[in-house]
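Student: According to Swiss-Prot:
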DISULFID  C50-C101  disulfide bond
DOMAIN    29-117  domain 'Ig-like C2-type'
MOD_RES   R198  asymmetric dimethylarginine
SIGNAL    1-28  signal peptide
SITE      Y204  site 'Required for binding to BLNK'
TOPO_DOM  29-137  topological domain 'Extracellular'
TOPO_DOM  160-220  topological domain 'Cytoplasmic'
TRANSMEM  138-159  transmembrane segment
Amino acid sequence: MPGGLEALRALPLLLFLSYACLGPGCQALRVEGGPPSLTVNLGEEARLTCENNGRNPNITWWFSLQSNITWPPVPLGPGQGTTGQLFFPEVNKNHRGLYWCQVIENNILKRSCGTYLRVRNPVPRPFLDMGEGTKNRIITAEGIILLFCAVVPGTLLLFRKRWQNEKFGVDMPDDYEDENLYEGLNLDDCSMYEDISRGLQGTYQDVGNLHIGDAQLEKP
């Protein structure tokens, strides 16, 4: 089959041409939009990149103030490397504005959407700059210390009281003391109280135990 042999011979050439056209030389120039904004603290460094698919592009950065429309864009010069990196070693308030890159390759010009650089004052660091895990461990240690301070003194007092009771015999029963409980009372006063209580017992009668016919109530 001569037709089949010719097709097999042309297959490597077709693969080579397809690979060459799929390479960077046959692709259209494309520039990534990039982040819409970048926030940097005052005095820190900032980096802006211009991502593109060019092989040897000519990258130029432009700058404009968003608040001043009448002020024309200012060219900042070429970027560094194939990504056209724009580097600020120390950012200040004058660096605020809109930055975009312009890529030229083979007379084809592309621009990025632009990135607005925000410069803010650094956030003051707290007095105790600790993570949440460290704070939780400190709170747990404080709880254990408070529990220790509450339980240990009370336990020591209980053991001390028990030791005193065992040493001086406070809790031991004393039969002699129970027998002489009323030793200090005056016997004359006791007999007088008994006479008075006995005299009051006959003043009132139990009405429930009396018969109706024999009921004779005493006059007050």
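In case you wondered, yes, glycine gets a Cβ from its N, Cα and C as well.
Values in this document were obtained by computation on a predicted structure and should not be read as measured data.
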Student: For C101 (disulfide bond), what is the secondary structure state per DSSP, taken as helix, strand or coil?
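Tutor: In three-state terms, C101 (disulfide bond) counts as strand.
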Student: Per DSSP, what is the residue count of the topological domain 'Extracellular' (29-137) in each of helix, strand and coil?
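Tutor: The breakdown for the topological domain 'Extracellular' (29-137) reads 9 helix, 46 strand, 54 coil.
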Student: Tell me which residues of the chain lie with their Cβ under 8 angstroms from that of C101 (disulfide bond), as long as they are six or more apart in sequence?
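Tutor: Set apart from C101 (disulfide bond) by at least 6 residues yet with Cβ under 8 Å, we have V31, G34, L48, C50, I59, T60, W61, W62, G79, G84, L86, R111, S112.
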Student: How many neighbouring Cβ atoms, not counting its own, are there within 10 Å of the Cβ of C50 (disulfide bond)?
Tutor: 28
